[in-house]
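As given in TrEMBL:
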DOMAIN    14-88  domain 'Cation-transporting P-type ATPase N-terminal'
TRANSMEM  72-90  transmembrane segment
TRANSMEM  96-115  transmembrane segment
TRANSMEM  262-281  transmembrane segment
TRANSMEM  293-319  transmembrane segment
TRANSMEM  726-746  transmembrane segment
TRANSMEM  752-779  transmembrane segment
TRANSMEM  800-821  transmembrane segment
TRANSMEM  841-858  transmembrane segment
TRANSMEM  870-892  transmembrane segment
TRANSMEM  904-922  transmembrane segment
Amino acid sequence: MSKIDGSGKRCIAAAYLEDVETIVRELDSDTRAGLSSAQAQLRLSRDGANELRTQPVKPAWHYLLAQFRDPLVYLLLVAVAITLVTWLLVEGREWPVDAVVITLIVLANALLGFIQETRSQRAVAALAKLTQTTSSIIRDGVLSRIPSHQLVIGDLLVLSEGDSVGADARLIQANALRVLEASLTGESEAVSKNAVRLRIEVPLAERSNMVFKGTAIAQGSGLGVITAIGMATELGAIAHLLDVTPEEVTPLQKEVREIGRMLAIAVLVIASFVVVAVLMLTQIHSVDDVLRVLLLGVSLAVAAVPEGLPAVLSLVLAFGVQRMARNKAIIKQLSSVETLGSASVICTDKTGTLTRSEMTIQQTRTASGNVAVSGVGYAPQGQIHHQDQPMTCGPVHSENVLLLRGGSLAGNAALAQQEDGTWVIQGDPTEGAFLVAERKLDAPPRSIERFERVAEIPFTSDRKMMSALVIDHEHNDERLLISKGAPDVLLQHCTQVQVGMDVVPLTDDLRAKAVADVNELSGAALRTLSVAYRPLATSEDGAAGEALETGLIFIGTVGIIDPPRKEVAPAITEAHRAGIRIIMITGDHPRTATRIAEDLGIIQAGAGALTGADLDKLDDAALAEAVKSNSVYARVAPSHKLRIVDALQAQGHVVAMTGDGVNDAPALKSANIGIAMGITGTEVTKQAGKMILADDNFATIVLAIREGRGILDNIRKFLRYLLSSNMGEVLTVFLAVVGAGVIGLVDEKGGIILPLLATQILWINLITDAAPAIAMGIDPHSEDLMTRSPRRPTDRIIDARMWGGVLQVGLVMALASLLTVDWMLPGGLIAGNESLVEARTAGFTVLVLAQLFNALCARSESASALVGLFANRWLWGAIALATALQIAVVHWSPLNKAFDTSALTLSQWGLCLAMASAVFWFSELRKLGMRLHQGKAIRHQKLRFF
Ligand code: ATP
């Protein structure tokens, strides 16, 4: 039965036709203890990881070579090759220094690009690790959760609602298990599963005793033994389809690539113009002369075409995403960073996200009266008070004992005592609250053995209630159905009520009292849950499921306090200031929801809420109207979330939506940013979401939006820098050719003298491009980030105003550099008396220094460069490095030879610095003008309001 499949991995063929014992024996596993760790380790090394990957990972040299895959670089290398060949052919000629230097610079550039690319890849890979799926297994008899890629054949897989199935497994047990198999079979409805052996061969979709890798548990629970992993699974059989998912390109990356392409064309036209003009206007004596001009043209193109832009962009995005992960917001796709920056609405759950999910029962309401349960139920990290501390409760009625005990029995949580004597709640905090309150009762403790749980009708957010079937061993083995759930839901299943030791019919008056109790508790921001029960007839068993939940005896209601997280209210204020609407969507009672929403500042007092039932009555047009003003939705089912998202998106909103349960997955997928809860969220939601909130905390979403905005802001900063600097280089050469006569850049024979050499242009590109740009990409975020309105998704990253700035700054740079050359050379506008080498060195230095000044200015569109001048130490590091390298190129003789430069005097350095600083002064003046204009616009707006 066991076989080795094509990929070398073992699997059990047709496991659905075998009985469980045979399979478990064959796999040398155990239906209770599972495999031993040693066995698992051996199998992991024998069969490899449980992964679908089929394409080998590309080696590092592949990425290094890819750096040269650029037509301009080819052109440059061809020019260099021709230079070298002519040098080899003509004996006794001087070394072709230019060619060697250019080759070295091209190599250095490629190396820089390679480092950038591998770093950003490493950052993205590290993120993938944070979002890897996990599975519950039993090994050595112990239940634990491990990354799904570590699953081995023979492992016992424990399945519960919301789990993503990590491998193919034959079911050993199934409890109301329903599985979503759409990814494999295309069937959109969840299919029921059981552990019964099948006798005849059936297609995949009918293998009801198997679960398959890549599917999801929609409901219920189960236990299975893994029969196939990795490529041997059914999903593996179609993995070639999955493996070709193309590398993700974000809209921003697309836009930047487009800008790059456009600029490349512009630069190529200018470079060709320069080459043709110089060749036509200058006397050419040799092939060398032609080659030199060609080299200059191609170098200009290489330097000015922002070919490094996409790499810097992915690096900045990847760094940003890493920083977000450190702040507990795990982003799964780089594109979500952009979407986050544009988010205009956050739809959030209440419980656990806005509140602490530290549930303590504070009040009880039964037919016999009210009880205040005192004592803190929770200490911070989910611990409850020490057993010795006083646990008090008001006057105890028999209903109270029933209420709290019933609530405890109808749940799955447990209290576990730790080594230091403190107690912790294991499981759902709402259910744990019943256990804690029960311990506070001044009533005879129940023995653990008294009640035996034999079946469960599970809780879902749609049903909003759950039931347990228990046998009371101290009471003639009586079988009871105990239910707990949302009061309004549970009351519909009740026909009687417990009053003292008696059970009486639930009259309209008694029902009205119960509802009034609930309203009172929820009006005080308490979460309400009611408990009911009924003895079962001998003919009734758990197989009947939800049909059993009728004719229940209502016991009473508890009021649970779940305090808001303290960081949430300030985060909501910040979001509002940033033009982001907050909408609460909760399964809780409308009164509880509105009270908490008011307390947190989501709505104003008296604003009210819409319930799921209200939403059902609204058609799409009415809903579209309702979502404009309503910000609290209560008692909703997960399906309502989808409608709300759609209605908001139809109005042009960019929606961030949180979710935890498996049924939230469609809404999360549909939202622009689906946010899955990291702690309480199921695997399925985590897979559907684009972001995982590691701490389940609302404030982290606002933080992530701030970070997203900051990253976009920084991207604009380095684009502004790189484009204006490149513009400066192109314009310097272009204007030199066009205005050669005016500024004295002509030789005795009337030919054009170039202000820069090919090597110098490439040098500028090498030392001033990547490092300052990357440093700008990690610039500290500006103060006003969260006072601006959200960016519209249709907004271009570079708008007309920014293009204007790029052109103007580039022009100032070029003029400063050319005027310096003119200043030093005889003739032109300003007559000087220095040599051409010295003039070129000065012009070249001005261009480098002007770019460094520009680095300081490009950090903000309108704020002065002096604001937070020293905030970015990386930028200053990059500036210092570039300055040191420029000093070396001017004063170190080997570099003088390589770059055709000569030493400058101190006063010449002073001149260069002063000329280069024109960029700074110009930018400051331009920004001042902008600020004055903005101020006027704001004053204008204010005037209109008064
Ligand atoms: P949110 O959607 O903001 O997370 P929530 O946790 O209150 O809020 P649900 O989990 O859908 O939303 O719960 C809805 C209602 O169901 C609760 O108000 C409560 O009355 C009831 N309820 C919650 N948990 C349980 C449970 N474990 N057993 C029975 N009833 C529950």
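Backbone N, Cα and C define each Cβ position, glycine as well.
In TrEMBL, annotation is done automatically, which means it is predicted and not curated.
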- Query: Can at least 3 Cβ pairs under 8 A be found between the transmembrane segment (262-281) and the transmembrane segment (96-115), with each pair 6 or more apart in sequence?
  - Reply: no
- Note on the structure: Spatial neighbours of the transmembrane segment (96-115) not adjacent in sequence (6+ beyond its ends, CB under 8 Å) are 60, 63-64, 67-68, 73, 76-77, 80, 83-84, 87, 292, 295, 299, 302, 308, 311, 757-759, 762-763, 765-766, 770, 897-899
- List, by number or range, the same-chain residues at least 6 past the transmembrane segment (870-892) whose CB is under 8 A from its CB atoms? 763, 767-768, 771-772, 774-776, 778-780, 841, 845, 848-849, 851-852, 855-856, 859, 899, 901-904
- Message: For the transmembrane segment (752-779), I need the partner stretch with the highest count of C-beta pairs below 8 angstroms, choosing only from 293-319, 726-746, 800-821, 841-858, 904-922.
- Response: 293-319
- Task: Could you tell me the mean pLDDT over the domain 'Cation-transporting P-type ATPase N-terminal' (14-88), as a whole number?
- Result: 84
- In DSSP terms, the domain 'Cation-transporting P-type ATPase N-terminal' (14-88) comprises 46 helix, 1 strand, 28 coil
